[in-house]
Amino acid sequence: MTSVTRSEDQEPTMSETQDRPLQPSLKPLEALPQSSAYQEMMTQGVSEEKNHLGSNPGEGESCGADHQEGSQLRSFHLSPQEQSIRPQDRRQSWRRASMKEVNRRKSLAPFHPGITELCRSISVKLAQSQRLGALLLSSFQFSVEKLEPFLKNTKDFSLECFRAKASSLSEELKHFTDRLGNDGTLQKCFVEDSKEKAADFSLEASVAEVKEYITKFSLERQAWDRLLLQYQNEVPPEEMPRGSTETRITEVKVDPAAYLRSSQKEVLSTKPDYQRIVQDQNQVFAYVELVMDELQGSVKQLQALMDESTQYLQKVSVQLKKRSMDQLDSSPARKLLKLPLQSSPSTQ
């Protein structure tokens, strides 16, 4: 009896000590082992659990059963998703993996310190185009610095010549980036995206506006059609407009039996079918139209030829006049004509 009472007294203490290290593992997955303190706590709890199980096997089995019942009771408060994701065996395997430092989540490799310093050396207060030019220049200098130690071991390598060429190239690159910044090429790298987005937005807006207008016009047309049908159904035939009655009359075909016995039978029978005659002569009319078009074109060409010939004759006449007057300037007759008239007493 005493042994039974002692075991019953010791069971709650054992379950309490066993629940303490397992309490963090009952939380959601966000509490995975990531810190050293948490790993130490887990290892300490597992060691205590092993000590308790090793000291008394019967008590260990009873504690394991109590722990399973407690975990099942606590699992009722969890969502089905958490129950499916975090079973006890998987949780224990996670603990063992974390203690063995196996299958840990691997993070990305850190950036090279030179690259971070390269970005930090560029001021944030500069414009985007200026920062891009400075980044190009700094990248070239960084590449030269990293290339220099590899080339030192090569044969016939001159460090001074290499540095001189690198400095000259850096100066040329600086002038080139300045020129790109002045002519606006670097600014286009940041403006084209916004322009394309603005153009796409304006195009979408215009398309939506056109679609809206189309729907409005279609609705308006349907409304006018309904109004016309309503008017035609309500207005009697006597009050219809003259144009509509005329169209109706032209569409009606007269039955020949209505005028067979009339006095105008012979006249109507001898009346030629002008519509048929015109339809038969459609080909002739088409040829006449082509001939008239050709005549009109030839007349236009003759008019243009006459205009060109008159202009050419005027030009030739002006040239002949100029040449004839130039020849008369050196003639003695023209010089004599240019002499002033002498006074009358001298002639006497």
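For all residues, glycine too, the Cβ spot is worked out from N, Cα and C.
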May I ask you to indicate which of 253-276, 325-348 is given in Swiss-Prot as region 'Disordered'?
325-348
Packing count at Ser123 (phosphoserine) (other Cβ atoms within 10 Å of its Cβ):
9
